[in-house]
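Got a structure here, written out as structure tokens. Questions coming.
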Amino acid sequence: MTEKQKTITLAFTGASGAPYGLRLLECLLAADYQVYLLISSAARVVLATEQRLKLPANPQAAQSTLVNYLGCSAEKLVVCGKDDWFSPVASGSAAPKQMVVCPCSAGSVAAIAHGMSDNLIERAADVVLKERGQLILVVRETPFSTLHLENMHKLSQLGVTIMPAAPGFYHQPQRIEDLVDFMVARILDHLGVEQGLVPRWGYDNRSRDEHV
Ligand SMILES: Cc1cc2nc3c(=O)[nH]c(=O)nc-3n(C[C@H](O)[C@H](O)[C@H](O)COP(=O)(O)O)c2cc1C
């Protein structure tokens, strides 16, 4: 993969699961990806509620806050505003071919399924769809209504990967971070980003011997 190809759009929306999004961001930056980060207003409320992380509404200020919070370099992170129609992610001529919405609310699933393009997150997802790129939605809601399931079914048929925030327990998690890493590892696998966050199924013979 060339440097030019290592760009990705990541969106945080207002579903529960802010730790997944932050950890994914951290891993993508560590893997040297240029990350265009889009944050909905509801996502800012969730980040404050779940992580005690108060992100300013202004994109540049949010970027500085995130860089301090994660202790990462500012060089590869670009936070875009919800009406930043001049951002590369808003056009098929410049947008990254990969996009992850993590966490993804049922509301954003609906908007993306109907091509609303009413804010930059919806527009960026619409661009990835029309350009036949890779779109991953880490959806979090429970239970799912028929409407949610219909929207996800529609998107799945268009090639979107619906990856519910539903971590497994077979790696015997000891900490919340282990559950977060389980989900983030699966997302990185789908993106083709090398990762060693959790042991792979079938490679840990010890647990097989213990459990059969
Ligand atoms: C703390 C908190 C947790 C929420 N959790 C969820 C959730 O898990 N799933 C969901 O679909 N909506 C959830 N919501 C509601 C969404 O944030 C709301 O529907 C919002 O309009 C989504 O907008 P967005 O998709 O533009 O971010 C939550 C809201 C808050 C404040």
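Cβ coordinates come from backbone N, Cα and C, glycine included.
Pulled these from TrEMBL:
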- GLY14, ALA15, SER16, SER40, SER105, ALA106, GLY107, SER108, ARG140: FMN binding site (BINDING)
- TYR170, ARG186: dimethylallyl phosphate binding site (BINDING)
- 6-191: domain 'Flavoprotein' (DOMAIN)
List the other residues in this chain whose Cβ sits within 8 Å of the Cβ centroid of the FMN site residues GLY14, ALA15, SER16, SER40, SER105, ALA106, GLY107, SER108, ARG140, in sequence order.
THR13, ALA42, ALA43, VAL46, PRO103, CYS104, VAL109, VAL139, GLU141
Among all the protein chains here, how many other CB atoms are within 10 A of the CB of GLY107 (FMN binding site)?
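Total other Cβ atoms inside 10 Å, all chains included: 15.
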Measuring Cα to Cα, how far is SER105 (FMN binding site) from ARG186 (dimethylallyl phosphate binding site) in Å?
19
Which one of these binding-site residues has the most other Cβ atoms within 10 Å of its own Cβ: SER16, SER105?
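Per the Cβ count within 10 Å, the most buried is SER105.
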Give me the non-local Cβ neighbours of GLY14 (FMN binding site): same chain, 6+ apart in sequence, Cβ-Cβ under 8 Å, ordered along the sequence.
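In sequence order, the residues whose Cβ lies under 8 Å from that of GLY14 (FMN binding site) (at least 6 apart) are SER40, SER41, ALA42, ALA43, VAL45, VAL46, SER105, GLY107, SER108.
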